[in-house]
Amino acid sequence: MDGIRPIQRSGARSPIWYLFPPAAAFLVVLLLFGICGLYPLGEKTLAWCDMRQQVAPLLLDLKNILKGEDSILLNLSNAGGMSLWGVFFFFLSSPFSFLVWFVDTADIFLFMNLLVLMKVPVCAFTAGIFLYQRRPGLNPAEITALSVAYALSGYTMLYFQNIVWLDMVYLFPVLLMGFFRLAEQQKPGLFLISLCAVVIVHFYLSYMVVIFLILALGMYLFWGISPQDRDRKLLLFAGCAVLAALLTAVVWLPSLMQYLRSARTTGLLESLSSGNFFTRYPTTYATFTNAVSVFTSLPILFLFQRGALSERRTQWQFSMFLFLLLPIVIEPINKMWHTGSYQAFPTRYGYISVFLGMMLLSSVLERSAGLQTRNLPPHRSRILPAALGIIFVLLAWSGMILLSRHYEELTAYTRRLWNSTGGFWLMLGFAGIAAAFYFLLFFGLHTRQIARGVFSLFLCIGILCEVLFSGFIYFGAPAFEDTGYRYVLDLAGRIEDDTVYRVKNEKKYFDVNLLGGLGYSTLNHYTSLISEDYLYMMKKLGYSSYWMEVNSSGGTSLTDWLLANRYVILSENDRQGEGDPIYANDRASILESGLETALGKIIHTEDISTLQNLPDLSRAELQEFLFQSLFPGESGLIIPYDWRVAEDIAYSEGENYTLERLSSSSGFLYYEMDITGTQTLYFDCFDKVTSNLSEPINSSVHIYVNGRTVESYYPSQRSNGLVKLGTFSDEHVTITIEVRKDIIAKSFGVFGLDEDKLRTAVGHSGQADFTREGNTLRASAEADGGDAWMLVSLPYDSGYTATVNGQKAELVPVLDDLMAVKLEQGENEITISYLPTGLIAGFCLSVLGAAALVFAILLRRRGWIPSGRRWGRVLNLGFRLLFCGEILAVYIVPVFIYLFRSQI
């Protein structure tokens, strides 16, 4: 196997050869950028999907943190106040991310192109170093071609929008170099450093690397190492694993704690029992795009290099390749590689599969190339090069035909995150021609019918053709000009306010994370680390949210006041009659919300536990509950309205609202009301509190107010909070609800909110503005009774601590996910600080790991090398159990659960 015996070098390598792979990858990407009109050779950006929705805005958050305008520990620009520690190590933990310091906010989407342009060559560089060291029989052109194929494989094409995943692509060859260096030379430094780097760069994807390492080490130790060496090497691997876990604990422990509190976690048994047995092959198989050569090398191995199959090096490579192919094919195994479930991006470990395939391919090529240098007589053929030329022309021609005639089908992934079946078969046809080309090429090299230089040339142009074909699909299709986002980015830095406040968007005009990226405190957030409690509370309060996304649109005047939404962003169309803006451009405006609001609200209650949880009410009824709870003695804020006429609708109320159409066409509910005073009217159609991508109730109604369309296909992913119908004063209003399908809802109907009553109540209430310094908030407040509490509109977290007048005070969770602190009679100085849960423990473990590392280095320098004899038997037994346990947990039990799901 690779690494059973040290690789023998065949002459010195020129250092400049190491630059060939990154230079070639850079030029190929630049060529694609130029053809597709991408910056810096055009005006378009690659920032689509998660790159646009998450990565770019979060990079702006990082820039604000680096400038000292926000904190990574308590980040008020996301989810009303959350730790960005886990988010950073999930999305941004790359040395390239810090270049955002030099990027103007307006150019953030163009910067995404530069990140791809920089990272892909680094992927080729590390792959090239690995091949130069492990495959000395390959020439620079061959190594360059294989390195580019790895750097621009289907994994990169499918997942480059999660830009930090490319850091894993370039770190993996380094990790394998460290793995073999430790196994062969008992030098642990590179393995330890690269393993720590993997965990730091992406703590979630490092789970998959750990699965791989257990498999790889198990196959290696018990297949390729003599028993007398096994104990010592196992001890070194175990020591590196423990040290890496300790050294990086400050990263993974608080990040893991945050992940476990998120809405992303699902039931493992339920996940494994659902879905299909086989993966969605049009997308999973596309991981090997641009790596067709991997599979076409296998016939050469089995037909012409069968002697190599008895070599342990080949056996290890082939068995590991099969281990990494199984999850790409079998869905229950695939889910376990993704910690039990995933929503999209179904082969997040795919770079490992591709690189193992490249290792196997390079071994085959190295053996075949060796025949060219053994003074064996060549069998040169004129027909074979001509045939290769014809097939290559056919490959290039077919690629152009497919792109010109079937572009929509081929690019389905860039619209749905899943390749279409039709597009897959078209790609497979292209891959079939490529496979024929590579097989003939490899056959010609092995049988010495073509010269080595001819082989290298055809290998390079074949891989280039594959990369250009897939590049047009995955780089070209999602490319767009960022002019549609310039007006949003122009809103940054327009509010002058030294206290803690929040900004909301009236509707989802743009991706939710972008508002925080502009530097504004907001309730918005969209990542897999959003708190489940926060997500569900926001849904109940009437704000729009789905999946892992919370949007500040929706809610009411009351909840906006409660949550300190002091400013609001409106489009020019929605701003009519809303007053003078603080700032406006040609498409959007920033206005004050109208009610004076602050982060701290002074409330009076004799029993704070009565406010701990939001009751199980409709969202309209919940607004009245909040009003009566926040303003004791007050009532009547919410005015429910009944429909006057129902047309083609059977309507009933009970535990739920039920609406059944009496025909296949739409039914209608007609509301008419005479408004007295000033009221804001809202409509709601809501059923269950979930984190589903889509709800059965979606697209149920169209809403019309005074003959004007206010909302269509409501609710939807984009809008499922309370719909603001308008603010009216002493006037007659007609509302029409067009019911498009049968509805069962927890909350349904039109209600009004008495703005005059709310303004009066707010005017008599006490509030406290907070200021912030890093991860600490401070406020002053005066309490006039012993039952006074300060309700702080921050999402509750056990990492918060508080003092009142210098004395430690308890923070109590209220209203599902806010918090309150008891006030003393008279003046109160409140201080609230935050540290992510697990950060201190992780830091202590990391310090312990650093001390252990220093101790180990000192022992090593004094010549002490562990023999492993004392712990050998225990380590062997422990690792055997771990290895077998992983095989059971990842490969056997998930399949068993799926096959017998009806009996479990």
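For all residues, glycine too, the Cβ spot is worked out from N, Cα and C.
TrEMBL lists transmembrane segment at one of the ranges 45-64, 285-304, namely 285-304. Within the same chain, residues 211, 214-215, 217-218, 221-222, 234, 238, 269, 272-273, 277, 323, 326, 330-333, 335-337 sit at least 6 positions outside the transmembrane segment (879-900) and bring their C-beta atoms closer than 8 Å to a C-beta of that stretch. Within the same chain, the transmembrane segment (165-183) stays apart from the transmembrane segment (424-445): fewer than three Cβ pairs sit under 8 Å, each pair at least 6 residues apart. Contact between the transmembrane segment (234-253) and the transmembrane segment (457-477) does not hold: fewer than three of their C-beta pairs are under 8 Å, each pair 6 or more apart in sequence. Residues 73-74, 81, 83, 85-86, 192, 239, 243, 245-254, 256-258, 775-776, 797-801 of the same chain, all 6+ positions outside the transmembrane segment (834-859), place their C-beta atoms under 8 angstroms from a C-beta of that stretch. Counting Cβ pairs closer than 8 Å and at least 6 residues apart in sequence, the transmembrane segment (285-304) and the transmembrane segment (82-103) reach fewer than three and form no contact. Of the candidate ranges 110-132, 349-365, 424-445, 457-477, 110-132 contributes the most Cβ pairs within a distance under 8 Å of the transmembrane segment (82-103).
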